[in-house]
Amino acid sequence: MASAGPSGSVPRSQSGRRTVSRAPTRAFTMRPDGFSGEDGVEIVEESELVPSSLAPIVPILRAANEIEEENPRVAYLCRFTAFEKAHTMDPNSGGRGVRQFKTYLLHRLEKDEQETKRRLATTDAREIQKFYEYYCKKYLEDDHEKKKPEEMARYYQIASVLYDVLKTVTPGKHHYDMYAKGVEKEKASFSQYNILPLNISVPRQPIMEIPEVIYTLSFILFALKLPHEMHGLPMPKIELQNSDEMHKPVVHDLLDWLWQTFGFQKGNVDNQKEHLILLLANIDMRQQSNAHQSERHVHMIRNNTVIDLMDKIFENYNSWCKYLHLESNIRIPRDASTQQPELLYIGLYLLIWGEASNVRFMPECLCYIFHHMARDLHDIISDRSEGLFDPPFQREGSDDAFLQLVIQPIYSIMQKEAARSKRGTVSHSKWRNYDDLNEYFWSKKCFKKLGWPMDPTADFFAEPTRTKNETEQHDHVIRRRRASKTNFVEVRTFLHLFRSFDRMWAFFILSFQCVPHNVFLLFQAMVIIAWSHSGSLSSIFEADVFRNVSTIFITAAFLNFLQTMLEIVLNWKAWKSLECSQRIRCILKFVVAIAWLIILPITYSSSIQNPTGLVKFFSSWIQNVQSESIYNYAVALYMLPNIFSALFFIFLPIRGMLERSNSRIIRFLLWWTQPKLYVARGMYEDTCSLLKYTTFWILLLICKLAFSYYVEIFPLVEPTRIIMSLERPPYEWHEFFPNLQHNLGVVTTVWAPIVLVYFMDTQIWYAIFSTICGGVNGAFSRLGEIRTLGMLRSRFEAIPRAFGRKLVPNHGSHFKREEDDKAPPFDKFADIWNAFINSLREEDLLSNREKNLLIVPSSGGETSVFQWPPFLLASKIPIALDMAKSVKKKDDELMKRIHQDPYTEYAVIECYETLLDILYSIIVEESDKKVVDRIRERIKDSMQRKSLVKEFRLDELPQLSAKFDKLLSLLKDYDENDPVKKNTQIANLLQDIMEIITQDIMKNGQGILKDEGQKQLFANLNLDSLRHEAWREKCIRLQLLLTTKESAIYVPTNLEARRRITFFANSLFMKMPRAPRVSSMMSFSVLTPYFKEEVLFSQDDLHKKNEDGISILFYLRKIYPDEFRNFLERLDFKPSNEEELKERMEEICHWASYRGQTLTRTVRGMMYYRKALEIQYLQDTKDPAKFGRDRSIESYQELQSDSEMAQAIADIKFTYVVSCQVYGMQKTSKDPKDKSCYLNILNLMIMNPSLRVAYIDEVEAPTGNGTTEKTYYSVLVKGGEKYDEEIYRIKLPGRPTDIGEGKPENQNHAIIFTRGEALQAIDMNQDNYIEEAFKMRNVLEEFESRKYRKRKPTILGLREHIFTGSVSSLAWFMSNQETSFVTIGQRVLANPLKVRFHYGHPDIFDRLFHITRGGISKASKTINLSEDIFSGFNSTMRGGNVTHHEYIQVGKGRDVGMNQISSFEAKVANGNGEQTLSRDIYRLGRRFDFYRMLSFYFTTVGFYFSSMVTVLTVYVFLYGRLYLVMSGLEKSILMDPRNQQNVKALENALASQSIFQLGLLLVLPMVMEVGLEKGFRTALGEFIIMQLQLASVFFTFQLGTKTHYYGRTILHGGAKYRPTGRGFVVYHAKFAENYRMYSRSHFVKGLELMILLVVYLVYGSSYRSSNLYIFVTCSIWFLVASWLFAPFIFNPSCFEWQKTVDDWTDWRKWMDNRGGIGMSVEQSWEAWWVSEQDHLRKTSIRALLLEIIISLRFLIYQYGIVYHLNIVVARHSKSIMVYAVSWVVMLLVLVVLKMVSIGRQKFGTDLQLMFRILKGLLFLGFVSVMAVLFVVLNLTISDVFASILGFLPTGWCILLIGQACSPLLKRTVLWDSIMELGRSYENIMGLILFLPIGFLSWFPFVSEFQTRLLFNQAFSRGLQISRILAGQKDIGEFE
């Protein structure tokens, strides 16, 4: 027998028992997770290493691991069976990882065979039989009801495996077979479940006892009545393979019937069955709560429940049918006695959606599929013939017929289109994305072309690979063209901005009035008016001025022509997809636009002979109609459509109704004004909202126009007139247009920056107005009313009442409404407050002492006053004692002082009553109690007679207080091991206390003790109560009240704890809906996409040091020192050194992970929702007074039955799914990092049983022809006792992420596993807080709030708190910027502007609305890079409403390092560039009303375009100055005496653009928001600190980032997801890394501007005396400095000398490393240089030509400078030959450089001497030429430097053109020269940047200053960054 390898056969012994053959000669050991098992790393069991293609053997191996301890031999037999099964499944070991796994398992078997012994029998056969019998009796036959379902499921699974092993070891029949069948039947009852254990009958689960769940189940689940009939439903034919009756599918319910009828997958059916049950149960629970009180006991599913669910699910389908004028196929029989048909249709849609995979992004495609399947369903259920019917979808041998026959063809064409896109790098116009494919179903022609079943030859399925595709089918050839784009083409051009927002541009160019369409006054009109003689606005009434102003209509006609032309040109590739009426409309609009463009100029020219003024026009209109100008009639006719539109604007409800109408008559009437589209119809807000945002924009535009007219335009008019009136000045260079009239070149130069500023400064005004509006809005929302601890203390008494109004539901039968109105719910408030404080303690934000000061005691109801938290009562008792000492005369004075502070009164009363309670509880003897009674009576009597001061010596009270303090200490620390000693000490103290009271304090108290005789007091005490925790808490609280002398105003000390407490308290006073009962709340899910981010910091992660010697753990301990101390205190652990600290590394890893941006932190935060619901449910159903106040999350477990029901309710109300896309890959990966992530995620599931993980499983299995095939599944798992347990597995048509962007595809595959009516999208960098989770019920009520009327919200925007602001100054800047956006920014967007969309997380979606309309994001490659905002666009266009709510917040992390932040900004700018091209922006821009369109533009792509125009303004200004200086025009004009007085006005106008360089615009909202929430004094202080920390430099730098990536994306593409990394950044980025990142975006542009400024300063003499103009120039210098040096200023340790030296070495190594092929960009400059040109290789010819044209600007330097050289000026030559000679010189220089390059290549290695001779000859030649020039032609040194300044830009121009022409040049010898030229320029730029860094590094104080600059915020919180960066450790930390 040959030796058995992984693919060899398994031998059989003579006895018939199979054995494993001898071991191979070479041992092979597989380390499952890549570790050796050393270093404390856990080895993963082999069951978790199984390749995906061998998944069926996993249960066998898990069973082996489970029974290993009970019977190792049987475990060996299980592994042997697993090996045989694996060998049978893949005999050739062709699957991925199969060979290695089988080899590993084989060696494990060889080892076990020798080491394991039989325990129960002599043979393996008898051993397995006996153990099977023993196992079944022990685990399966007894006490089912006492065991958990999960436990029983595991036992039955193992029993099933043992039976399979038994059959393998002893083939044939035996007496266990019948018993095994029973086990298999029972096993099905304990199958793994998600939320509802539908198959488990015993033990009964609490969730299955919820009445709504019971009746929903009875509503859906039913048994067979007749053999082939179920409630009137005919039964489908079920074909069985191998006639296996045991595995015959059983139809139990409606969804099972749909499964067998339409061929859905079993996993999908099970998933949607639970989904439907939970939806119906939850909706019914809410309806039951709204029902009349008398009806609530009737638990049955209401008819309205199903109808409501149908309305929500089929709203989009019904709308689609009406749009296409189709009859809905949802046909409900009128005589239906049940709602069975409705449930069938709902179930059918959910099953289609659940199996649609990527097609879920195409909602109308799903409507098309459902439409036809619903028709099939109706035909089946309406067919009354008896007998079985053939299912519409059948596929032999498979249960995925629907997937293969319907979804797979659609997926295949999507995959081919995506492949053609080459991951989004190909032009969008060449492939169809999700939107194109979905919009195919917006036309009725899809029914004709596609049909049903779908025709594979339809144009929808046309191959995207070639223009014409030939497909052979059935022996004939079918020719078809590639399908065109649908309705829209995403062409890369900036003209999209005009096309989408043409009304806005027309407005700014032409018009202003209170109506939104082209009517009259703006830039053109303002210039004309300003140009008039008077210059006042009243001059418009003059005839000539009015005539000139009326030319705006000609301009309007031109703009209209441009817009209609763009509609045709840009949409040309979608022309075929348009309906005939749409094409006619486009053509007619184009013809009409041309007609008006001809008519208006002609009629205007004729009207010049008959001029008319405005007054004359109106006064003589009626009388002299015939004599009027024909131009006036033409204008009136031209404006007629706009006038009608303006009238409709006033009556928006009517217009909205008309636009949403599907009537053919109305569609015909609107045909001209509105294209026929399914979405974006009638998007108009209510009248109130309309008035608000209209008023906002009218006020803004008035301010903007007034500023533009009086500051920008009018002051320039007079200087312009003078310039135009001057004679032609002499030029100082060769002028190509010397006869240009009126100095138009100068006028253009002067006006160009002003025009750009005019178009861009609306963004400034928006920033100002939105800041003011947001501030006012926030103030009215009561934000910041409680922002300090002092404010909290002063208003704490009102908080319980506010809590009762907001967080306590309207009570049912347990409580009366009247009681709620009279008294605050103190018990419930204390309940929630304590859970909040305990959570803060568990998160280590509080110390034990602070927790005790903040907690409300559990022993409530024992005092006559509410026991407020001790932090309110701290120091009140010592103060009261001082008061008592000072009062000598009257009780009234003492009482008056005590009553002045209510908390003092509360403290005194509580202390007195609690002390009495403690004394009575420990005293046993009646005589002792009598002593206490007499003292109490004496005090009571004296208080009634107001003689307390007279009868008691109150100055002795401090002595008594000290004794009580000692007594409480003894009681608190009572030791049961030494009771006698403690009892004696306590008795002695009590005796002392009584003596002090009776003898020292009471003036007549001596008789109290004498009455008791000689008997010893307090000899017998009852100290049993000391064992109770509540009693000990009472002692601790009383001791705190007695002894705390300092005020607790600074408690808590942790800033984060303060913020959370004050925000929670403040939110209770804000406007929010009242919370419903938990059972009545809306159910919701949370979905978190995860890829490969950090899950949990490992010990190695925490101790790994960076280049400065800093570990994450050390860093975190320095940033959060107080939290680390609290953490150690919580563990009761006091390490004396670092080694002892390592003993608790598991807890430390969690502590650190909760402070990073990890999945562990996110999961902990989201699980607070569940904990909050459990607490609130118990509050709803129980009176908290009955079980005490302090019910923390853990202590609720005491109420067992109530707790189980609370957990059950929480299960059906809340679901948390983490979409770990690569979890399956990580599970089998050998990479230590991946394996660690898998184990950590598994631990999260085990620790959080309600957590679910969805992942994409890739199964690679061999096929029949010897190849392997990959199959993909969506899998949902949960945590078991030890492993993950698979719940659902749904086959996919292919890899989902092959089609679209990764994150939305990751969300989409997992969304089918979410539940509920709402869905919260939470990212991996987010956190949540338990106090905010308590408000989730409130925010979900917003979906049903009546204040929105018919416009119910579909997305609820929530406030975010950025928790990463304390890391560094950069993180603080980013935190403030992000905070202002997610608070004041989104507040204004939502109200009043009504243009808030979805900006990421943590928004809450109306889940049913969105899953039927394409999901919660869009996923097309590249175009939907910013996938989140497109969800908001989609929701708005489909009739949704997006709101924003700030009474609840969610934590969020942000990038904290310079490079991380820049990557994030680049990603967002890329996304906005792609948005600009998208159909969503176009449709919203076209269909919004005018003012809402303005809001939309300036808050989305307009912000980025304005940023780009800002930078462009600087370029235009400086190049204009360069033109004026180099041509000599500026000098000649300014020397003209007539223009001297107008210079100041020119300067004022030019200065208006300087504010943009200061980076202050983004700071305005920050200041307002900080002022609102922290006070304006704090805001002013933070603003000053930010400026001192160079925030302006940072924001100015980010302006460059936005501009570069936005512009490049629109022009060339190249947008991509940029992972930013979310770690702690205290590392030093090398110079080469910064250079690679910012070279093209900042450094090149900064150096260009610097050269412009240098040239202007050298050759220009203007404005030298003007301080204002110097300020303008300085602002540009500031911009240059920011762009060049910000990355180094904000780079830690950048100015340390050693780091500088290392950076230089690294830079030179990178620059000199030649060879780009196969090398990464980090290794070689050449590889990086080539990669930087990727966008040029993939762009269009049009973009390349534009790039070349723009590059030509660099030639102006050489052209201007050569005419200013002394050598030229001396000869007064202005000939063009001078410029030609300069090019000869330039070419000679390039030739010389080429000769050196060739020489280096030819002679550099072998003929070094020849190379040196060549260089020497060239040097001598250069010296000779220079000598001749200096001596003969009088060349000067300044000429040499000037020439360098002129030639360097020319070389850069050549380089840029060469790069643009790289496809041509790469084939020639010139490419190497271009590359070497590029290397030379990079060396020069690097040197210029490095020199200042090197110089400053000489001075140590610079590095220290930079450290303080970067980390000042952390310094204020105790961070010693200087030690961190030096790698030192705080030696005294543990002392």
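Numbering starts at 1 and runs along the chain as displayed.
Using N, Cα and C of the backbone, Cβ positions are placed for all residues, glycine too.
Taken verbatim from TrEMBL:
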- 1-34: region 'Disordered' (REGION)
- 340-455: domain '1,3-beta-glucan synthase component FKS1-like' (DOMAIN)
- 505-531: transmembrane segment (TRANSMEM)
- 586-604: transmembrane segment (TRANSMEM)
- 630-654: transmembrane segment (TRANSMEM)
- 764-783: transmembrane segment (TRANSMEM)
- 1496-1518: transmembrane segment (TRANSMEM)
- 1554-1572: transmembrane segment (TRANSMEM)
- 1643-1662: transmembrane segment (TRANSMEM)
- 1668-1690: transmembrane segment (TRANSMEM)
- 1744-1764: transmembrane segment (TRANSMEM)
- 1776-1796: transmembrane segment (TRANSMEM)
- 1841-1862: transmembrane segment (TRANSMEM)
- 1883-1901: transmembrane segment (TRANSMEM)
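Between the transmembrane segment (1744-1764) and the listed ranges 586-604, 764-783, 1496-1518, 1643-1662, 1841-1862, the one holding the most Cβ pairs under 8 Å is 1841-1862. Counting same-chain residues at least six beyond the ends of the transmembrane segment (1496-1518), those with a Cβ under 8 angstroms from any Cβ of the stretch are 497, 501, 504, 752-753, 756-757, 759-760, 762-763, 766, 1389, 1393, 1395, 1397, 1429, 1469, 1472-1473, 1475-1476, 1481, 1484-1485, 1488, 1550, 1553, 1556-1557, 1599-1600, 1602-1603, 1606-1607, 1645, 1649, 1652-1653, 1656, 1676, 1679. Count of Cβ pairs under 8 Å against the transmembrane segment (1841-1862): among 630-654, 764-783, 1643-1662, 1668-1690, the largest is for 1643-1662. Sequence-distant contacts of the transmembrane segment (586-604), counting only residues of its own chain at least 6 positions beyond either end whose CB sits under 8 Å from a CB of the stretch, comprise 550-551, 553-554, 557-558, 560-561, 563-565, 567-568, 571, 578, 629-631, 633-635, 638, 672.
Beyond its flanks by at least six residues, the transmembrane segment (764-783) meets 696, 699-700, 703-704, 707, 1066, 1069-1071, 1383-1385, 1387-1388, 1391-1392, 1446, 1498-1499, 1555-1556, 1561-1562, 1564-1565, 1567-1569, 1571-1573 of its own chain at Cβ-Cβ distances under 8 Å.
Counting same-chain residues at least six beyond the ends of the transmembrane segment (1643-1662), those with a Cβ under 8 angstroms from any Cβ of the stretch are 1511, 1514-1515, 1518-1519, 1521-1522, 1524-1526, 1530-1531, 1534, 1600, 1604, 1635, 1669, 1673, 1676-1677, 1679-1680, 1683-1684, 1757, 1760-1761, 1764, 1842, 1845, 1848-1849, 1885, 1888-1889. For the domain '1,3-beta-glucan synthase component FKS1-like' (340-455), the DSSP-based tally of helix, strand and coil residues reads 78 helix, 1 strand, 37 coil.
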